[in-house]
Amino acid sequence: MKKIAVFLLCAVLIFTFAGCSNSSNTQSQKEDKKVKVGFIYVGPIGDGGYTYAHDQGRLYLEKELGVETIYKESVKEDKAEVEKVVEDMIDQGATIIFGTSFGFQEGLLSSAKKHPDIKFLHCSGYETAENMGQYFGKIEQMRYLTGIVAGLKTKTNKIGYVAAFPIPEVIRGINAFTLGVKSVNKDATVKVVWTNTWYDPAKEKDAAIALIDDKCDVITQHQDTAGPQQAAESRGVFSIGYNSDMSKTAPKANMTSAVWNWGPYYVKTVKEIMDGTWKSGKYWGGIEDGVVDIAPLTQVAPENAKEAVEKAKEDIKSGKLVIFKGPIKDQTGALKVEDGKTMTDDEVWNMDYFIEGVEGSIPKK
Amino acid sequence: MTSFLHATIIAGTPLFLSTLGEILNEKAGNLNLGVEGMMLMGAVAGFLAAKGTNNAFLAILCSILFGCIGALIYAFLTITLRANQTVTGLALTIFGSGISSFIGQNLSGKVVPDRVKYFLSPIKLPLLGDIPFLGKVFFTQDIIVYFSYILAFAAAFYFYKTRIGLNLKAVGENPYAADAVSINVALYKYVNILAGGALCGLSGGYLSLIYVPAWQNNITSGRGWIAVALVIFAAWNPCKALLGAYLFGGLDIIGFRIQDGFISKYFLDMLPYLVTIIILTLFSFKRSKKNSPPKFLGLPYFREER
């Protein structure tokens, strides 16, 4: 008897709640005609790096278009987890969803098939669908520009590069950086060490210390923490940051940073979707769209660097300067890209070798 | 080579401090898996204090204090309420990392003030620092490193040469027997667990104030777990823990210095864990009493149940 009573009570409660949430949902949807945009992040927005940069873009979007946004931090790169977050966001009324990490791809793709009326945009992947597009930025253009700064600054002609994992995205950045260095300083080499971490401040600092002990006097990085900047600061050498402007973390060392600037892209895309002109596809924006940028040069940057950087920046914008253009040789000296030829986007995207001037090796599988 | 060994000592010091903290816990019969959490609490508290007061001494004190608070939660739950130690420890880790992210959410990328940094920068010891090679490696370090040398020997003295050390051992091996000879089991457990928490907090503070010295979310990146493994590696001996911590610290960073295809980076990364497994296996073969864990490790003590 008691059990039945409890069961009935539960049933009543569940139905009332379900009823409530349903009615309130439809009400809110009718009331606000505002577009709601959801963001799924891989890290915390306070990481001062990758996710922070995306979140700045989200805030910019809110300010520019007056749309409402919701976000979820530190989402695991796991299909079921992503699907759950997507469902939750759609429940809250989101009609456009951005997923900012490579590992969200599968989850977003299956959600996209399930919800054809919702638009999905995925960062740094390759799968597309009718209602799912891809986007990423040509950060290597900025690597090239920061390479110019490093090449002009170095006295020992050895530049240290603290790299995360041997994947094309990172390799591409190292090669572009080296080309930038070479464009102003033929004698300099770029020494690479792998940390196999995205996020371990102490270890990444140690990696930079090892490079400095090896006579490198400029340090740059492809990581989500500012550990390498701290190493340069404590040893009195110079550094170049990544993701966001890192000049405040290492005021005596930092010369500039290669930064993401997602705001303009988010505004452009959401506007297109609202206007109904958006089409699915792969977006790979560069400096000409303002998706990537170089942070203002600080006082410790070499004096002649500003001019050189500005000039190269303009040339990239106008298309006069293409970064991966022949002749490009690999580490063994073999010609990879013939003189005058430019690499296709696909070739650049899948680069898996170091060019001449890089010291270090890519671990083989 | 000198610079590598110098960096090794620094990399090993936070590992040693938290390992010694965990040894204190386990000697008292409590398996505390909350090391990572206590480290993070200490790290964020120390950093905040450094930012707020500009005083290195207060910053370190705050790290220690917050480590203690973490340990107090654990101690209350496991000793007084006799909760499951494994679960409580894991909960403490999750709690510690959560609260450090919460408090530190607006601190990301901020740097320790120069005055604090200056006070905590390496000091060359007179005489000892002039010894060729060794002086550079061991005696041109910051004060926490010197403190950790002393700590290793002080702890060894405490465990093996004093009456209270012997009593502590009894508490860990057989609290019923210890209680029977009127050793206050709960008091011993509380004091040692809190001291252990203090060391873990200090270890976190070392990371955020001296090692990195800037705030980043989840600054420990799993070092607390390595400490738990190191306790077994060191066979609950503080001096071996010091050596083990330097070995693990060195292995962690050696990859950056010998990278050119000599040994695979991935192999080096797994080496510390591999060594731990091998040592564990060897210990279990040998079955020596000296190297075995305290008998009552992980078990709650109920006074009434005899």
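Even glycines carry a Cβ here, placed using N, Cα and C.
Here is what TrEMBL records for this protein:
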type	residues	note
TRANSMEM	B:31-50	transmembrane segment
TRANSMEM	B:57-77	transmembrane segment
TRANSMEM	B:89-107	transmembrane segment
TRANSMEM	B:143-160	transmembrane segment
TRANSMEM	B:190-212	transmembrane segment
TRANSMEM	B:224-246	transmembrane segment
TRANSMEM	B:266-285	transmembrane segment
Top Cβ-contact partner of the transmembrane segment (B:266-285) among B:31-50, B:57-77, B:89-107, B:190-212, B:224-246 (pairs under 8 Å): B:224-246
Seg_contact(the transmembrane segment (B:89-107), the transmembrane segment (B:31-50)) with at least 3 CB pairs under 8 angstroms, min sep 6: yes
Stretch of maximal Cβ-Cβ contact with the transmembrane segment (B:57-77) [cut-off: under 8 Å; candidates B:31-50, B:143-160, B:224-246]: B:31-50
Per Cβ pairs under 8 Å, the stretch of B:31-50, B:190-212, B:224-246 packing most closely against the transmembrane segment (B:143-160): B:224-246
